[in-house]
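The active site annotation in Swiss-Prot covers 304. Residues or ranges marked as Zn(2+) binding site in Swiss-Prot: 303, 307, 318. Residues or ranges marked as disulfide bond in Swiss-Prot: 181-253, 260-278. Residues annotated as signal peptide in Swiss-Prot, with sequence analysis given as evidence: 1-19.
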């Protein structure tokens, strides 16, 4: 990892799915209906199909204005690379603009252009779908999660039209003036990287040959091949975090692309292997928590490293955010979920 940590840059989903019981009728769930508006412009209608109001966090989800991953795109059963951002957000003190409330039967709509976050200039047949768990909140704190899933939408993409869509994320001009990270932020990030190395190495050992019940708890299998894969990703994270002058990623201690908000801790641009911290990474998070399943600077950095394909390919997604959502995933989903790795490392460190 190259530790540039600049003020301006120079290089090119929650908890407790069972914590929201339905009193009567349908269990809490969001249904996502995907349809094609025009070529690569897609509309999602998100409907509360349960019997109670749901207040959910729409960061990394529909209604998020940032270029986040809202759907998965497939060509001939192979997923296409995502070229937007993946962000980690706070679990407490969420501001109202991060929350959406849906009454039973109520829905919201979101239109977005999939060509803005994936290269579709080849055109042809594309299949689109999404599923996972979205965080729910009570009193501005994440207190659970609900599942969501969509229909499978197949479309024919006009190559020329898709190529004309501007990319949502562009590499920054290399001529941009550089201002190096220093002072307390530099010190905090250096400490976080050292802690990340320790956490990832310990997690790698635990994944490879530690408690099978703990591994089952987080990754929903005790398969030796899966344990080896998880251990390999953790070792790759430890290796990447151990150097500030080499590696596959570039890590900034400030908001390189302007995607931070009052709720976002850090984000990754997987297409460029760039990671950036936000202001609240330093003000909201402790260096290393002593609480099981809690967030801190080290596990946030570890979480972001798992998103970067340059560290270990393929990079992870955000399919379940927080302990209960992450542990509700299937084994294949958990293997591809950033927070599962952060939570497992936290559990190994604190013997949760």
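Using the three backbone atoms N, Cα and C, a Cβ is placed for every residue, glycine included.
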Apart from 303, 307, 318, which residues in this chain have a Cβ no more than 8 Å from the mean position of the Cβ atoms of those residues at the Zn(2+) site?
86, 87, 88, 268, 304, 306, 316, 317, 337, 338, 339, 342
What is the separation, in Å, between the Cα atoms of residue 303 (Zn(2+) binding site) and residue 278 (disulfide bond)?
14
Which ones in the same chain are close to residue 278 (disulfide bond), with CB under 8 Å and 6+ residues apart in sequence?
255, 260, 261, 264, 265, 266, 267
Reported as an integer number of Å, what is the Cα distance between residue 253 (disulfide bond) and residue 304 (active site)?
13
Densest Cβ neighbourhood among 304, 318 (recorded positions), 10 Å radius:
304
Measure from the CA atom of residue 318 (Zn(2+) binding site) to the CA atom of the residue listed as 'active site' and give the result in Å, rounded to a whole number.
10
Inter-residue C-alpha distance, residue 318 (Zn(2+) binding site) and residue 181 (disulfide bond) (nearest angstrom):
28
